[in-house]
Ligand SMILES: Nc1ncnc2c1ncn2[C@@H]1O[C@H](COP(=O)(O)OP(=O)(O)OP(=O)(O)O)[C@@H](O)[C@H]1O
């Protein structure tokens with residue numbers, strides 16, 4: 001209540017005024033039968049009676065009290081407007097969400113339907129539908145909803161297109177989460193803030209359209225809305241006498257007042273919706289009072305100090321069923337370290353002539369050409385090259401998250417003998433996260449900022465494994481331990497972690513279901529040198545302990561030199577050189593490899609300098 005009051009105080013005067021008028025109008029509509037001084041269907045005055053104390057708005061041609069008709073008219077006007085707006089918003093939002101999220105054929109078909117609806121002239125269309133369906137409130141609701149849903153669908157689709165490309169949504173799709181799950185749990189909450197003000201604006205348009213339809217004779221004569229009052233006044237020659245002053249002006253003024261008030265109130269609703277989203281985030285990020293605070297290393301710090309806050313689970317709350325490594329190993333599927341870099345070992349990942357370009361027609365370009373790579377089980381392959389050489393294109397093709405503009409022109413990606421490019425979306429989703437894990441670039445944006453990091457690991461686990469929630473949480477804590485984070489970090493939000501800690505969480509998500517292959521796209525970018533070193537040590541450690549098979553994409557040669565068994569160098573979309581790391585570094589064959597090596601900084605001879 002106090003939050004509502006404080007929000008009310010922050011609203012501009014016009015918004016407050018609009019909200020107040022909307023509330024009064026709704027109250028009048030609800031209480032109309034008790035507020036109206038007379039029964040509007042009874043003849044209580046002489047026809048065309050002028051306004052008087054008994055009848056402040058006079059009477060119509062049949063002697064009905066016009067004030068009572070006006071008060072009762074609020075009901076159908078607001079009811080039709082409200083219901084039609086809700087229906088239009090529901091249809092428009094569903095279409096916009098589906099088209100924007102699924103893209104492809106679904107998007108094309110739905111947007112062409114939207115284009116057709118938008119190109120139809122509203123008034124003649126409504127007349128045709130009205131004549132076919134017959135006048136009445138249901139017809140009005142259908143016609144108004146039909147006229148309003150299409151612009152909403154278009155607007156929402158644009159928002160969803162941008163939200164679906166956010167890194168944390170891509171990261172979730174990379175662990176194989178179902179479309180419905182990603183939509184409902186991550187996309188809908190983000191765009192809901194936009195839907196609420198749209199709904200309010202739709203009410204405004206719907207009230208106006210209801211009046212238009214009623215005036216055109218598509219209203220329900222048995223329930224006299226304000227639009228219907230105008231229609232009846234017109235047909236009963238109110239304009240030929242001075243009766244229009246009290247028969248036409250008041251309902252016209254009420255329609256104008258409603259539209260204006262709703263328009264003013266929409267600003268307030270937008271603010272409140274955005275505010276409540278922010279407050280929810282704030283509540284989530286600050287957590288309940290009285291929680292212990294942790295310092296950067298995860299130890300308890302005196303409350304009221306320190307940047308990091310996280311709840312410490314009660315002592316003994318976690319009963320460890322297996323060591324973190326055992327947890328991950330228990331889901332391992334193939335041989336690992338024994339076959340490490342063995343020349344005769346079967347390739348886990350095999351790319352043949354992969355050609356992927358961006359754009360269509362004359363605009364086609366970029367991407368990668370005729371890429372051939374082989375990654376053995378237990379091996380770390382470093383994919384290096386300058387900016388724009390095509391590394392990310394190859395990585396995105398392996399995990400199946402190519403940008404919309406990407407066009408596959410040929411080649412195969414064999415993963416454990418399965419051609420990934422031949423798989424349907426559902427089969428591919430089953431592999432992602434469970435057998436192929438992705439460590440995306442930019443851990444900060446790959447994590448959902450309003451969900452606890454532990455829950456994000458749990459989410460990745462539950463996408464593929466049927467586990468009781470508590471067991472999943474326990475596994476998530478073990479995975480945190482595996483990547484070198486204290487289990488207490490489970491309850492932290494991404495912003496409460498350092499860059500290196502976030503990167504570890506992203507790694508834990510990638511490892512959650514014990515994948516056979518991990519694709520790490522620039523896993524150390526944006527981190528300072530010391531943290532980079534820590535992450536590299538962690539990768540090395542995981543490789544040795546778990547026999548991880550990893551495709552490590554980076555432009556940073558020193559990074560791969562420390563972890564990769566073999567290197568593949570890309571330039572201009574092609575692999576120009578590949579071989580054992582030591583061999584490539586010792587005797588680079590291609591000028592690009594030599595340039596990459598030459599670009600490595602050399603430390604000055606400090607000893608010499610100090611002499
Ligand atoms: N969505 C896209 N639309 C059009 N062209 C693209 C798109 N993404 C990449 N490209 C082009 O494809 C080529 C390869 O890009 P890619 O991102 O794979 O390179 P990269 O080696 O990963 O570079 P960086 O290290 O800078 O990310 C570049 O020429 C780039 O301009």
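Heads up, the Cβ atoms here are built off N, Cα and C, so glycines get one too.
Feature annotation from TrEMBL assigns domain 'ABC transmembrane type-1' to 74-266.
The domain 'ABC transporter' annotation in TrEMBL covers 349-597.
What TrEMBL lists as region 'Disordered' is 275-339.
Under the heading transmembrane segment, TrEMBL lists 17-36 (among others). Beyond the transmembrane segment (17-36), the same-chain residues lying 6 or more positions past its ends with a Cβ under 8 Å from any Cβ of the stretch are 11, 65, 67-68, 71-72, 74-75, 77-79, 257-258, 260-268.
Per TrEMBL, transmembrane segment is recorded for 78-102 (among others).
What TrEMBL lists as transmembrane segment is 122-149 (among others). Long-range neighbours of the transmembrane segment (122-149) within the same chain, counting only residues 6 or more positions beyond its ends whose Cβ lies under 8 Å from a Cβ of the stretch, are 76, 79-81, 83-85, 87-89, 91-92, 95, 202, 205-206, 209-210, 212-214, 216-221, 223.
Sequence-distant neighbours of the transmembrane segment (182-201) (same chain, 6+ residues past either end, Cβ-Cβ under 8 Å): 85-86, 89, 92-93, 97, 101, 152, 155-156, 159-160, 163-164, 168-169, 172-173, 262-263, 265-267, 269-270, 273-274, 277, 448. For 182-201 (among others), the entry in TrEMBL reads transmembrane segment.
The transmembrane segment annotation in TrEMBL covers 213-232 (among others).
Look at TrEMBL and you will find 244-265 (among others) tagged as transmembrane segment. When Cβ-Cβ distances below 8 Å are used as the criterion, the transmembrane segment (244-265) is approached by residues 14-15, 17-19, 21-22, 25, 50-51, 57-58, 60, 66, 70, 73-74, 77-78, 81, 200-201, 203-204, 207-208, 211, 226-227, 229-230, 233-234, 238 of the same chain, each at least six residues removed from its ends.
Proximity of distant same-chain residues to the transmembrane segment (78-102), defined by a Cβ-Cβ separation under 8 Å and at least 6 residues beyond the stretch ends, is recorded for 25-26, 29, 110-111, 113-114, 137, 140-141, 144-161, 163-164, 179, 182-183, 187-188, 191, 195, 198-199, 202-207, 209-210, 225, 258.
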